[in-house]
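All remarks here apply to the structure that follows.
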């Protein structure tokens, strides 16, 4: 229909129309069709109302620059897992061979799903709740499930930031407080603390001075006041970063996203100069190719890809919802995904350089201790001096000389060798010791740094990096909660953010009691893995199968200005859902085969011991999984059987700056496939709000527009992009 054609509106008595809507339409003043969002479609493509979009975009907060947005996404996706979990998985699953399955799965699962979340967030310009309500109201529970998972993860993730804050302030001492075991007085004699002597100085400082940990999850032991204060500081930092929205958090990202890279590069340069660092690097890049055939390696690689990019949390959608509609989110997805991979490899190089240095230190210590044992056996004639090669000098004993002695003694004393209690002291054994999670950061790294020159400086830098990495991820996690809730329920941002942080701090006190570390392990292992997998599968199905991959590709073509590669069509349609379903099945099988448990620190034994969760802890564990997944079936049932209204019978109309906006995000079940979005009435509409049109079902439409010149009838008013905060 020509833009200057005259439009008449008639009311139909056969269809009930909400009175307020009908009155508003009947008394609507003539409008300028070139400047109004009220327009008529007659089969022709609707011209984008660029000026209108700019006005509406101004109503929603936006990133100050593209760089700020990219840094925010990088800060969110690059977190503590890149520093301690990826290196551990690389060490455990075949060194360089692990990089192959990880990179393959990043390309066929991570990148497509990351691109999908960026695209729907940018196009619909709402948080996770609003996005999935738009696309498929029956699957609106996806957004609520994402918020719950973000809440669970944020609870324990901020505790880790609190630990880093504690170590950060303890680092301003020389020597570092974890460099030596403390002395205790036994009468007039000072002796080394037994627990520390039987473990190590860094292990003792972690379990006793920092956590003051109990022997099991059943022993609460009361609050650890030092960790309680650190948790309060951590939540205060997160609240301050979030209180003014993305304008303030975006500025924070300039420092929090870039500073870790500076520290990692400094550590890499320093690490490569350390004695034995090359051994660690060589160990990393020596591939164990047989590991690539192990399904467990692929499952763990898929899980790491899944969590590394923050898929399903809602933070990716929240950040992208503040973008302009024409932003090239495909470029953003590719850039952030591979920066994330590069960061993991960089952190792994740093970790293996440090581990190589530490392995050499521990190996030398092992050689010295066992050489003293051999000297004792020689002096007591348990061993003959003839067993010692003539070139061996005990005052300057090398690892090579010790290994030669060890093999000779083992051969000659084969029947009684075990009684001697000698260790092989092989460097390879030290390098193969798997250290993951908190153990890597708070035990292994801290121990290595005690041997660094100017160790307090490196310790301050390291823990400041951990704090920054944690805060970057926490801002994204909190955005996954605050953005959809504020958009959906129109609460005040400042009040909700402060209230959320206070409530999370109070609930988080469970993690700062003496048994709190065991609850951190429980939440980390079980509160997010399975629910998030289900969430991402349903996200993929909602876009690729319910809405339709072809229509989604068309919307992307219109939004981006070019058509995405067919690669994404096949990955969204087939590859990603199948891979995610296999991952979910493997996770369920793993949960059933391996009874849930945790590593407890036994004070009397000064060692870790694997314990199974008691019945009450199993009930909490199962409740976490059920609670995080509950919104998915609950919302589906409520909307499937019309037990709650989704707004289809009360179309809200608002006037703003001379424009009329109508919220049709939720429609009757029999109208869903026709009313979500379209440019052409005969086509199945799209859920993207830029071209959201209310198309009456034929003669039953409450409004009838004049026919186009080609004789095709279409009714409806096309709406400009309307952020949820305006509806």
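Glycine is no exception: its Cβ is also placed from the backbone N, Cα and C atoms.
Nobody curates TrEMBL annotations by hand; they come from automatic prediction.
Annotated by TrEMBL as transmembrane segment, the relevant range among 99-120, 187-208, 363-384 is 99-120. Cross-referencing 225-246, 401-422, 423-444 with TrEMBL places the feature transmembrane segment at 225-246. Cβ atoms under 8 Å from those of the transmembrane segment (258-278) belong to residues 71, 78, 343, 346-347, 349-350, 353-354, 356-357, 359-361, 452, 458, 461-462, 464-465, 468-469 of the same chain, restricted to positions at least 6 beyond its ends. Proximity of distant same-chain residues to the transmembrane segment (141-169), defined by a Cβ-Cβ separation under 8 Å and at least 6 residues beyond the stretch ends, is recorded for 80, 127-133, 210, 226-227, 230-231, 233-235, 237-238, 312-315, 438, 441-442, 446, 459-460, 463-464, 466-467, 470-471, 473-474, 477-478, 480-481, 484-485, 488, 504, 507-508, 511-512, 516, 519-520, 523-524, 527-528, 531-532, 534-535, 538-539, 542, 624, 627-636.
For residue 82 (Na(+) binding site), the number of other Cβ atoms no farther than 10 Å from its own Cβ, over all displayed protein chains, is 25. Distant neighbours of the transmembrane segment (99-120): 90, 131, 135, 292, 297-298, 301-302, 304-306, 308-309, 311, 316-317, 320, 329-330, 332-334, 336-337, 341, 345, 536, 539-540, 543, 552, 556, 559, 564, 567-568, 571-572, 575-576, 579-580; these residues of the same chain sit at least 6 beyond its ends, with a Cβ under 8 Å from one of its Cβ atoms. Recorded stretches compared: 225-246, 301-322, 457-483, 495-514, 613-638; the one with the most Cβ pairs under 8 Å to the transmembrane segment (334-355) is 301-322.
Below 8 angstroms of C-beta separation, residues 72-80, 82-83, 127-128, 146-147, 150-151, 153-154, 157-158, 160-161, 164-165, 167-168, 171-172, 176, 234, 237-238, 241-242, 246, 249, 252-253, 255-257, 259-260, 263-264, 266-267, 270, 310, 313-319, 321, 441, 445-446, 449, 493, 496-497, 500 of the same chain, each at least six residues beyond the ends of the transmembrane segment (457-483), sit close to that stretch. Cβ atoms under 8 Å from those of the transmembrane segment (69-87) belong to residues 63, 157, 160, 246, 249-250, 253-254, 256-258, 260, 304, 307-310, 315-316, 319-320, 322-323, 332, 335-336, 339-340, 343-344, 347-348, 351-352, 436-438, 440-441, 465-466, 469-470, 472-473, 475-477, 479 of the same chain, restricted to positions at least 6 beyond its ends. Taking residue pairs at least 6 apart in sequence, the transmembrane segment (301-322) and the transmembrane segment (567-593) share three or more C-beta contacts under 8 angstroms.
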